[in-house]
């Protein structure tokens, strides 16, 4: 088991810790405001629905702010330092949560959540930067998809275990303490085993080091300028920005609006049921491995190019849930089983977006992958905030099926059009602005999927311009 798999495992655990500390507040707030449902031996608070909504949304106020700075900081100081500090701060804030609530009530909890969002906004750009440095092109789908499934695992654990912890002798403060412990254990493992790139690792073999460095189009020997103009005028990057924004719109609808529809129109109460709340993410977690294996087979047997693999899987991950959105709007109160099945299936199939488009930032520019993701996620986070606002404007009566149909049709159109833009303009080829100097292009680096007879030409080019740090 090579060090690249150790790095992917560390990223997986990091995302588990990140999402566990982010999502558990939903259960914790219920325990804080209704102690009789969990452990009555701990303090109970009388908070209004408006105050609770501030608590639940306050994380994203900070999260949106540090996405772009996270990409820049990661590029300058390395993912090991920035990501380590971010999750260590998450652990400290989790420890402080029970004390702050007892001291300052809901306002203090909001402050803690905002700062937590600021810290965790730095993490995802670091994840992409780390993957770009450690993932050989032919293993990018495998390592990237595996590490990203930490998101679904964290969601499942937060929803399934937080209630159990709150009912135990630890009470609702125990949710924060368990979250902090997970963060601190990860920090210790990260400190020991993590390295910014294969060349900095103490434990990597020389064979694995040469294997990674010869296949991931990374240039680590010299400082690189950030080609801002080239990035924002790149058609493939704009296509990726569009498709990822569409993903956030659709995913937000799946996560936040469909449960309200099930409750308002179909008279289903699933929010209070931890099993039904966690089931879509559990299904997505498992389906992600199927997509990962499928992509591996298609790429290793050279059945499809990497670009084609991305577009085919992304089309499945976007267009099937789009059909699910439309179908949801035509179900009535007598078809609850169908409604729940469609919700779970759509969320699960959408898990293919990791391989379909999420990892495409690394394809376009391994040297600037963390920065690209920070730009994309900044825009996508704004889109995610717009989706529930649009739904709130359209749905004035939660019991009106016609109004909900409009919400679902809009989400379906966003999914379909966003993926169509990606199919037409997207690519998995390395872009010329991935190179060291902003004002210099390297057309030889544009096509990482070229035939083997061009390798000699590329080797000669790198000998002249980079000093031959890579092995072909």
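Every residue number used here counts from 1 along the chain in the order it is shown.
Cβ coordinates come from backbone N, Cα and C, glycine included.
TrEMBL annotations: computationally assigned, not manually curated.
Quick look at what TrEMBL lists:
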DOMAIN    10-430  domain 'Major facilitator superfamily (MFS) profile'
SIGNAL    1-26  signal peptide
TRANSMEM  51-74  transmembrane segment
TRANSMEM  81-100  transmembrane segment
TRANSMEM  106-128  transmembrane segment
TRANSMEM  149-166  transmembrane segment
TRANSMEM  172-193  transmembrane segment
TRANSMEM  274-295  transmembrane segment
TRANSMEM  316-331  transmembrane segment
TRANSMEM  337-359  transmembrane segment
TRANSMEM  371-396  transmembrane segment
TRANSMEM  402-425  transmembrane segment
Here the mean pLDDT of the domain 'Major facilitator superfamily (MFS) profile' (10-430) is 85
Touch test for the transmembrane segment (371-396) and the transmembrane segment (316-331), at least 3 Cβ pairs under 8 Å: no
Remote residues contacting the transmembrane segment (402-425) - C-beta distance under 8 A, at least 6 residues beyond either end: 235-236, 238-240, 242-243, 245-247, 249-250, 253, 257, 261, 264-265, 311, 314-315, 318-319, 321-323, 325-326, 328-330, 357, 387, 390-391, 394-396
Near the transmembrane segment (337-359) in space but 6 or more residues beyond its ends, with Cβ under 8 Å, are 131, 140-141, 144-145, 148-149, 152, 240, 243-244, 247, 250-251, 254-255, 258, 262, 266, 268, 270, 276, 279-281, 283-288, 291-292, 295, 309-311, 313-318, 320-321, 324-325, 327-328, 331, 422, 426
For the signal peptide (1-26), give me same-chain residues lying six or more residues beyond its boundaries with a C-beta closer than 8 angstroms to one of its C-beta atoms, as numbers and ranges. 55-56, 59, 83, 87, 90, 93-94, 113, 116, 120, 123, 127, 130-131, 134-136, 139, 143, 146-151, 153-155, 157-159, 162, 175-176, 179-180, 182-183, 186, 189-190, 193-195, 198, 201, 203-205, 208, 212
Recorded stretches the transmembrane segment (149-166) and the transmembrane segment (51-74) touching, at least 3 CB pairs under 8 Å: no
Where, among 81-100, 106-128, 172-193, 316-331, do we find the most CB pairs under 8 A to the transmembrane segment (51-74)? 106-128
Per the definition of 3+ C-beta pairs under 8 A with sequence separation of 6 or more, do the transmembrane segment (81-100) and the transmembrane segment (316-331) touch? no
